Amino acid sequence: MLDAFAKVVAQADARGEFLSNTQIDALSKMVKEGNQRLDIVNKVTSNASAIVTNSARALFAEQPQLIQPGGNAYTSRNMAACLRDMEIVLRYVSYAMLAGDSSVLDDRCLNGLRETYQALGTPGSSVAVAIQKMKDASVALANDTTGTPIGDCSSLVAELAGYFDRAAVSVV
């Protein structure tokens, strides 16, 4: 896993070049956004349990066949596995948001996930809906500035949404 800083340095080093002004400007912007990034990650992680639980409830309300006999989330064991997987995706999205880079999400969570779900007979489209619901909840939290002098963080909220979109696309 590389954060945005390590990635830029590694790329420049591989080319045997100094960092360009554009690269330095991008890293400076990331430093300036650091507190906002931390605030967003804190909001998501502090509410992770509610995000996962409420997203799962909404998914099962829309797709009740998942929790009926024969459904992929039927039995407490399968339900627990579903909630665990949702929590893992949310956790790695928060890591990517903190790092400002999707490589940790891709490498440690998403690579091979579609194949795993296919092998288990889990409908990827349902997983994508669950991820979308977690995205909606997380974006709402990130946009809620009540009690937090977070300022304009629309680009960071878009970045957060992008990590969820990346995860949703990877499972279908």
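Each residue's number is its place along the chain shown, starting with 1.
Here the Cβ of each residue, glycine as well, is placed from N, Cα and C on the backbone.
Over in Swiss-Prot, the protein carries these features:
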type	residues	note
MOD_RES	N72	N4-methylasparagine
BINDING	C82	(2R,3E)-phycocyanobilin binding site
BINDING	C153	(2R,3E)-phycoerythrobilin binding site
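Other Cβ atoms within 10 Å of the Cβ of the residue listed as '(2R,3E)-phycocyanobilin binding site', summed over all protein chains shown, number 22. Secondary structure at C82 ((2R,3E)-phycocyanobilin binding site), as computed by DSSP, is helix.
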